[in-house]
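Working notes for the structure below.
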Amino acid sequence: MNFEFEREIGFINSQPSLAECLTSFPPVGDTFQSSSIKNSTLSHSTLIPPPFEQTIPSLNPGGHPRHSGGGRPKASPRARSGSPGPAGAPPPPEYPWMKEKKASKRSSLPPASASASAAGPACLSHKDPLEIPDSGSGGSRRLRTAYTNTQLLELEKEFHFNKYLCRPRRVEIAALLDLTERQVKVWFQNRRMKHKRQTQCKENQNGEGKFKGSEDPEKAAEDDEEEKALFEQALGTVSGALLEREGYAFQQNALSQQQAQNAHNGESQSFPVSPLTSNEKNLKHFQHQSPTVQNCLSTMAQNCAAGLNNDSPEALEVPSLQDFNVFSTDSCLQLSDAVSPSLPGSLDSPVDISADSFDFFTDTLTTIDLQHLNY
């Protein structure tokens, strides 16, 4: 009793590990351990090991099965099935499905994934499957699903009509194409992402095309502005030239009127001579002018008739002169010819020609519309 009590106290204080607890019990499994070893050696002597389990490194223990103290019954089936042969046994043969694996395969591979990888190429398409690392477990790898042309065609048809599948339709397609529901769901997810990338690329290309197209209207607008500037510049030069011509004609007309007025006011005795000389000069000047200048002069004459030159008293009376256009050009010329040569004799004639009427005729000759004059 004292020995057992001290042993319990020491067990509680020391807190031994599980192995020490197992060794504290009396050895019961010596006969079982020897029998399990004998059975394992006998099983390897037959030389009919299961090839699949021997080729997986994770199922092959490094040495004899370790049994601490007494062997447990749960470890015996694993020792029987996966215990290695003797040291001089030949290595297991390599199968074709082993060569398809990558050389950098890790030693830890669960039996479920191994069995799925073994059955995967047989139940899927004729294409060589490719392995991709599984994100869930670092060491385990799963095979990439390779779809046949028929499966891809049917899936593409369904995706054309429906981007998203309800669960009953997904189950129906999976049963029709001999696929799992998860494979159909993953394929549709990937296809939606691909469709999204394609649409984004098209939008970017369209945006770049619009940006390039927007540059051309800017250039066209700049060209239009340049053309407008050139047109306005040319129009300004032409209008300036026309204004200069009109101003020159207006100055000539005003000068002739000023000379006539000065002759009438300053030299009362010689008034018949000076207006006639100025009139003859104007007539000679008009005969040598071009049609463009004649039009300009006619325009300026009309402006004078409208009262542009408000300084001279004759211009104020010009609107009333338009009523006297009934005189023909021949009569006016005959009148001027009749007055100019026989000017001294006209003083003694019974017809009384006053200075005002003579000045009126000279003003009429200088301001008449040139379109009615035929020289």
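Placed from the backbone N, Cα and C atoms, the Cβ positions cover glycine too.
The region 'Disordered' feature in Swiss-Prot is assigned to 29-142 (among others).
The compositional bias 'Polar residues' feature in Swiss-Prot is assigned to 31-46 (among others).
Summarising the annotation, Swiss-Prot assigns compositional bias 'Low complexity' to 76-86 (among others).
Positions annotated as motif 'Antp-type hexapeptide' by Swiss-Prot: 94-99.
The compositional bias 'Low complexity' feature in Swiss-Prot is assigned to 106-124 (among others).
Positions annotated as DNA-binding region by Swiss-Prot, on the basis of sequence analysis: 140-199. Secondary structure of the DNA-binding region (140-199) per DSSP, as helix, strand and coil residue counts: 42 helix, 3 strand, 15 coil.
The region 'Disordered' annotation in Swiss-Prot covers 193-223 (among others).
According to Swiss-Prot, the feature compositional bias 'Basic and acidic residues' maps to 209-220.
Per Swiss-Prot, the feature compositional bias 'Low complexity' maps to 255-265 (among others).
Swiss-Prot lists 255-277 (among others) with the feature region 'Disordered'.
The compositional bias 'Polar residues' annotation in Swiss-Prot covers 266-277 (among others).
If you average pLDDT over the DNA-binding region (140-199) in this model, you get 91.
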